[in-house]
Amino acid sequence: MSKRYFVTGTDTEVGKTVASCALLQAAKAAGYRTAGYKPVASGSEKTPEGLRNSDALALQRNSSLQLDYATVNPYTFAEPTSPHIISAQEGRPIESLVMSAGLRALEQQADWVLVEGAGGWFTPLSDTFTFADWVTQEQLPVILVVGVKLGCINHAMLTAQVIQHAGLTLAGWVANDVTPPGKRHAEYMTTLTRMIPAPLLGEIPWLAENPENAATGKYINLALL
């Protein structure tokens, strides 16, 4: 049976994709057949092949399997806004059955599947359904990405607590340095490590340019999962 993990973040723009690429690289190095999955993405660009989302493309590149774009990202929207808003505006409902079918298809091909969410934990997919609902439905172990900056401790603890209250496994967390480390960086890391009830899988240093394309798998200790 495939190993499956869901990557969420303490907020949008905290480095979920950077961490997801690092995790995929580490899993590939460990000998797994890996697949990244971004079931819903907004903020995509028009290309000759159709809409393409940069996060989904990064997952596609960092998967060890050769996957079609639509397999990695079945729901793609142009406007960078909450999926439930643009989905309703375009008359394209996001269906959990389609999301789950995509996951099943990847599980048939890969033995290590990483699913990346959109935004934070409770990102709405419709007026009545959130990403959290789908993850709970699928019973996916969760990896939390924390963008290390002022305010991250509270956001990390709130997210970790609600994940556990949903009855899900918080499998681990990844620290992502979204800015050059400040003078309190070490204290933030010490506090987060003490308070988050899951192992620290690794810390990805601040990378000024194209972090999704960097060799970041070396920062991840996959043995802790």
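Keep in mind that glycine also has a Cβ here, set from the backbone N, Cα and C atoms.
Taken verbatim from Swiss-Prot:
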ACT_SITE  LYS38  active site
BINDING   13-18, ASP55, 116-119, 176-177, 205-207, GLU212  ATP binding site
BINDING   GLU13  Mg(2+) 1 binding site
BINDING   THR17, ASP55, GLU116  Mg(2+) 2 binding site
BINDING   SER42, TYR188  substrate binding site
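Swiss-Prot feature annotations superimposed on the structure.
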{"residue": "GLU13", "record": "ATP binding site", "contacts (Cβ under 8 Å, 6+ apart)": "GLY147, VAL178"}
{"residue": "LYS16", "record": "ATP binding site", "contacts (Cβ under 8 Å, 6+ apart)": "VAL7, THR8, GLY9, ASP55, GLU116, GLY117, VAL145"}
{"residue": "THR17", "record": "Mg(2+) 2 binding site", "contacts (Cβ under 8 Å, 6+ apart)": "SER54, ASP55, ALA58, LEU59, GLU116, GLU212"}
{"residue": "LYS38", "record": "active site", "contacts (Cβ under 8 Å, 6+ apart)": "ASN53, ASP55, ALA56, LEU59, VAL72, ASN73, VAL115, GLU116, ALA118"}
{"residue": "SER42", "record": "substrate binding site", "contacts (Cβ under 8 Å, 6+ apart)": "ASN53, THR76, PHE77, ALA78, GLU79, PRO80, THR81, SER82, PRO83, ILE86, ALA118"}
{"residue": "ASP177", "record": "ATP binding site", "contacts (Cβ under 8 Å, 6+ apart)": "VAL148, HIS185, GLU203, ILE204, PRO205, TRP206"}
{"residue": "TYR188", "record": "substrate binding site", "contacts (Cβ under 8 Å, 6+ apart)": "VAL148, CYS152, ILE153"}
{"residue": "LEU207", "record": "ATP binding site", "contacts (Cβ under 8 Å, 6+ apart)": "VAL18, ALA214, THR216"}
If you count other Cβ atoms within 10 Å of each one's Cβ, which of the binding-site residues ASP55, GLU116 has the most?
GLU116
The number of other Cβ atoms within 10 Å of the Cβ of ALA118 (ATP binding site), counted over all protein chains shown, is 24
In DSSP terms, helix, strand or coil for LEU207 (ATP binding site)?
coil
Cβ within 8 Å of the Mg(2+) 2 site centroid (THR17, ASP55, GLU116 excluded): which residues?
VAL7, LYS16, SER20, CYS21, GLY36, LYS38, ALA41, ALA56, ALA58, LEU59, GLU212
Could you check what DSSP calls LYS38 (active site) once collapsed to helix, strand or coil?
coil
Should ALA118 (ATP binding site) be counted as helix, strand, or coil on the basis of DSSP?
strand
